[in-house]
């Protein structure tokens, strides 16, 4: 069972893999991307993954057989384990808990070579729907405080398998980055009775200088204080705190907007490696928090995607300070991306 | 002039390079490490760097000529600029300031091929002394809130030149990571009237399971909630908040301890790329903070080095949550490093 440990200095949770811990010789080099070899995510290899928890497009045939459009399976090497009750322990000045959680993989397509940005928009919408269905389902588990949906595209971005896939991790704690966003949004709301994200989106759309595109009520822009070159923020223009409450029309709009942004990135930056992650409201059903903690959440949080192309290396300065040197002003990044001819 | 911009969601400062912003074509690939080519840090090429601000070992000869042991020069491509007054501006909901700061390079040796860990201990001590001298000097500049000393060793760790060097960046804001440490330490002190770091060090030394070595009053251990495999924390056992106040004996002890840790890392992990960074007290002379803000600082902060070997890639999960999956328990990492025969 992995462990969750808390750092009292940085107030950060870390997952420590206590079984099969990697030894010095395991780090001889960073793993190369699989190429040409066997792929457990390809059609026909369904028995090489744990049994699917969700499938689209395979009607009337046996589970875990070919003929599917999208599959969701538990991760074969999960960072957190689904079985058991949460057990919180103090260790002197430190805190730890057993590594309860869920770790799933969305196999976006049976085809090994079609990247997310190249999917037809109808298929892209199905992927967004799968995100939503899994998010809703995992939020039913009251042990989980947060569900993170994220994608690592390309080996530089941390992908260990090149077959197009997204990962979902449900955690029994609210991650620090999300906790910080929730706190900032709450503080803003307490003073102004307006959503911080709505205020930012309004200002970005009025100025327009960092906007990349606007599609059916979704907007994509380069953040004012972007950490990385060509970092992108995508959110609904209309206030909405919870991705799992989006309508089908909104999912379609998101699919079109995200697909357009990925297409622009691909052309501008020659198919770059990237990460994206969804930040949505934490699990308000979870009873482990004090009752009124989430009282204003529907007013003060605003779900969004963050996309980070992996173009520069992070070094000691970034790790040492938590602040970043961005060599491309977001106004320039937005203009380059806006001016791409699709 | 670069800009410092503040992210109101993550409460993070970012340096935006507004001149010579990098275009999409500049990211065609990550820069390869220089090898065999011209090196501006080598002896004989002193005129290829800005004029030195500090030199050791060249007595009675002209500045910026050969014959030195250690040189400190301004960075030729500084992230922040030394000239000008700080100008803080609101931009609607956002905040920015002009990019005032200092960015220096400590050229650790005239020899291109001798890495820090392989320096003789006497030379190592001189490098520590140079860190201290520059720290003290930059803290005289009341525009600077913080001085970060950090090293990127190896191209994977972000080094763009392979000649052994350390970087120093002085910033007009307290970086978020340091602000978080200061806050945690203060909250701990407010309740317990003890230093958080002293408490952690005492617990680590009593248990011993994560300790790597102890040298003349300095201790190196793997943190309880280490983010990365083989992450290391080095600090004085006796309480001390400010690196610039260390005695010569303590600098010598640090040199021996840090050298031993780097030697162990080199053998255990086959000369890995790494970052290290010094976290010391912020600039208490700076008058921009409210007067009593630093009142308890000498009691509640504790300077330390953090060393991060760069063995794993960070991916969407880490960027999306601010928490980490560490595949090597720190107890195992410490044992591997402790058992290396030197």
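For all residues, glycine too, the Cβ spot is worked out from N, Cα and C.
In the three-state DSSP classification, residue A:165 (active site, tele-UMP-histidine intermediate) falls within a strand. The active site, tele-UMP-histidine intermediate annotation in TrEMBL covers A:165.
If you look up TrEMBL, you'll see A:39, A:42, A:112, A:163 marked as Zn(2+) binding site.
In the three-state DSSP assignment, the secondary structure recorded for residue A:302 (Fe cation binding site) is coil. If you take the C-beta of residue A:302 (Fe cation binding site) and look for same-chain residues 6 or more apart in sequence within under 8 angstroms, you find A:185, A:195, A:196, A:197, A:198, A:201, A:235, A:236, A:239, A:240, A:241. Per TrEMBL, the feature Fe cation binding site maps to A:181, A:279, A:302, A:304.
The feature domain 'Galactose-1-phosphate uridyl transferase N-terminal' is assigned by TrEMBL to A:70-175.
For A:192-314, the entry in TrEMBL reads domain 'Galactose-1-phosphate uridyl transferase C-terminal'.
Taking the C-alpha positions, the distance from residue A:165 (active site, tele-UMP-histidine intermediate) to residue A:112 (Zn(2+) binding site) comes to 10 Å.
Under the three-state DSSP scheme, residue A:39 (Zn(2+) binding site) falls in the coil class.
In sequence order, the binding-site residues from A:163, A:302, A:304 that place a Cβ under 8 angstroms from a chain B Cβ amount to none.
Closest to residue A:181 (Fe cation binding site) in space, going by CA atoms and restricting to the binding-site residues A:39, A:42, A:163, is A:163. Taking the centre of the Cβ atoms of A:39, A:42, A:112, A:163 as the Zn(2+) site, the nearby residues of that chain (Cβ within 8 Å, site residues left out) are A:40, A:41, A:45, A:111, A:161, A:162.
Residue A:304 (Fe cation binding site) sits 25 Å from residue A:163 (Zn(2+) binding site), taking the CA atoms of both as reference points. Following the DSSP three-state reduction, the secondary structure of residue A:181 (Fe cation binding site) is helix. Close to residue A:42 (Zn(2+) binding site) in the fold, though at least 6 residues off in sequence, lie A:110, A:112, A:163, each with a CB less than 8 Å from its CB.
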